[in-house]
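Participant: Straight out of TrEMBL:
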type	residues	note
TRANSMEM	A:89-109	transmembrane segment
TRANSMEM	A:163-181	transmembrane segment
TRANSMEM	A:193-214	transmembrane segment
DOMAIN	A:263-291	domain '4Fe-4S ferredoxin-type'
TRANSMEM	A:346-365	transmembrane segment
Amino acid sequence: MNKPVPPDELMTDEDGPLYAPRKKVYPQSVSGRFRSIKWRLMAVCLGVYYLLPFVRWHRGLGAPDQAVLIDFPNRRFYFFFIELWPQEIYYFTGLLVLAALALFLMNALGGRIWCGYLCPQTVWTDLFYAVERLVEGDRRAQIKADAGPMTAKRAGRRALKHAIWLMIAWWTGGAWVLYFADAPTLVRDLATFQAPAIAYVWIAMLTASTYLLAGYMREQVCVYMCPWPRIQAALTDEWALNVTYKYDRGEPRCSVKKAFDIRSLGEKAGDCIDCNQCVAVCPTGIDIRDGAQLGCIQCGLCIDACDAVMTKVSRKTGLIGYDNDINVQRRVAGKQEIFKPVRARTVVYAGLITVVCAVMLYALMSRTLLDVNVLHDRNPIAVRLSDGAIRNGYTLRFLNKRGFDRVIAIDVDGPADAKLHVIGADSVTPDRPMIVLARDTTTELRVLVTAPLDERAEKSVPVTFRVTDIGLGEVASATDHFVLP
Amino acid sequence: MSEHNEIDRVSGRSTTGHEWDGIKELNTPLPRWWVLTFYATIIWAIGYWVVYPAWPLVSGYTTGLFQYSTRASVATDLADLEKLRGEKMAVLGNASLADIEKDPALLALARARGKTVFADNCAPCHGSGGAGAKGYPNLNDDDWLWGGSLDQIMQTIQFGARSGHAKTHEGQMLAFGRDGVLKKDEIVTVANYVRSLSGLSTAPKFDATAGKKLFTENCTSCHGDNGKGNPELGAPNLTDQIWLYGSDEEALVETITNGRAGVMPAWVGRLDPVTVKALAVYVHSLGGGK
Ligand code: SF4
Ligand code: SF4
């Protein structure tokens, strides 16, 4: 609950300074339920990020055997058993939609869960803080050292901290490029300076951004740069659980002893002993007791800190916890707390997630591995031959998404007695042109369809090109029109 | 700004005096790094003016420190592209026309190159798809004045027709009327006879015997005894359905009276040999090649 500032602390300066330096935050180490959840999630996130490029996936001779690979030169995306082509980019759209919906659902259930636990900015900053505490000591030691003179020992520690930070940052940039080429080969090439220049550029950029964002910008990214806090404020509702200081239970704040005295008189004393532990551990340096605010990334560390304090003073834990204003009001009114994870908003989000997942899964399962597209010549649209017959030209594009070469036959259904001529056909069995489609490629061919002129025929009749894989029997077809001049 | 130095009691800060629906805006100082970054971008922008061409002047513009010019860099890029293209196309230079048609990869390469060159050089006369126009042959059909094999097409592209080049195709359709060889009514008779050769209707009073006689005397030396034409002379086949200058009586009378001599320029010397090769393959693959 916001409490008014005492009159003597009001700013007297008329407009205040135009800009202000950042107040350095020294978050204190803490242990507890949420801290250990955060450690585990960090291990999973970083583990996946750093190690995934090295996971192998056998796809047959000549195909890359990296489980997750974004192959720009060949325009392919490999994800375990899935291989996507550029025209299947809509799967990524689907993934983005899913990610957005998941974010909405998380937000409706527990506020900025993403911010506090999973956001890369949080994960890396948390890691950098851990390094800092390991090298320079915890909150108190750091504050003391910063206030004192720069000694050789301190300078050495500083240097060590930055060296470790830079190493992590560099490894972060290095892992990034491994997603774009065969990881073990690229590692060797990078080490021997044989890798393409663009790889070094990306590593340098990501090293710099990781070092700057996680080492220096820290909570400022969340407060000033990130749009998500603004967006999520519009998406949340009164039922969403947020890290909340239960002021109904905490206020009025007073020391343990004073509280004891007040209680012995039979009056109500708050549980908060004003020890400021929740502020000391907060990575964004805010006081959660001021109420829900932009700066809170909902990491839950203040919950751990306060729970430890409550345990020490033998009070019930959970003075700070995931809660909402509705429950504060209900407790004040002496009613039972209620939690409503299932409500219209969450059901709709979960439903949408299921639908999008189902659609994507269906699309993935039913995607064709042999395909043909047809493009009619526009100019001329039809040609009259010397014997009066009519010819239409088409460009056929074949897609062979399988990892091996295949022989296909091309048939045409169109006007009566239509003849098919494929320019550049590999072999022609009587009236049935066949071509070889190289593995994992598109092939474009020009074909001509000739039909004797029938004056009574329609100006335009459908023509269907059917391709048949001679070996597997897979069939694909495409339809266009045969036009008379 | 001093007239709105209202102080917010919760934060202890002054407000800007802006208010929306009862919510007042705090006059919170900007973070220092943010302001510094903002100033840095301003300095960067000024640097940009100095280094790159930026300001329009009355009769020119500031050129910048290094005379950077997008036009010049495009020219360099184009030159590089030409060079790269030359390297890629070298394989076409070494392969024979027949080999190119047999190899799908080479065929695709030649067609791609041929297509762009065709659009730049040939489309003005033959149309962007090679469909031609009156007097400009359709390259998609199967009727060829000078022959439709790969070699013949290549030769025609290289040296043209009546182009003035030493090796050009020669051959004239004589001006039978203008030169006084045939009289007006004889020309009409021959025109009707020619129409009959390809199964077209003839005028009611047309005398087929006279037509055949006039045709044999005047036309067979180039168009052949049965009117099937002669690619050596560029003499068109008169028995098929394809007519370069039109098949109605009026058009034929005009052709016989004044003759025809369409010109195709020689491209040798203007296009390099590999490009000509690619062009020949492309034209051949349009559908008309034999
Ligand atoms: S107030 Fe608590 S939950 Fe919010 S950022 Fe600070 S420590 Fe994390
Ligand atoms: S940690 Fe708990 S007891 Fe201590 S100041 Fe924060 S809310 Fe109060």
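From the backbone N, Cα and C atoms, a Cβ is placed for every residue, glycine too.
Predicted automatically and left uncurated, TrEMBL annotations should be read as such.
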Participant: Sort the residues of the domain '4Fe-4S ferredoxin-type' (A:263-291) into helix, strand and coil with DSSP and give the three counts.
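Facilitator: Taking the domain '4Fe-4S ferredoxin-type' (A:263-291) as a whole: 10 helix, 0 strand, 19 coil.
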Participant: Report, as numbers and ranges, every residue of the chain located at least six residues beyond the transmembrane segment (A:163-181) whose Cβ falls under 8 Å of a Cβ in that stretch; write 'none' if there are none.
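Facilitator: Those are 49-50, 52-54, 68-72, 124, 127-128, 131, 135, 187, 190, 199, 202-208, 210-211, 214-215, in sequence order.
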Participant: Mean pLDDT for the domain '4Fe-4S ferredoxin-type' (A:263-291), rounded to an integer?
Facilitator: 89
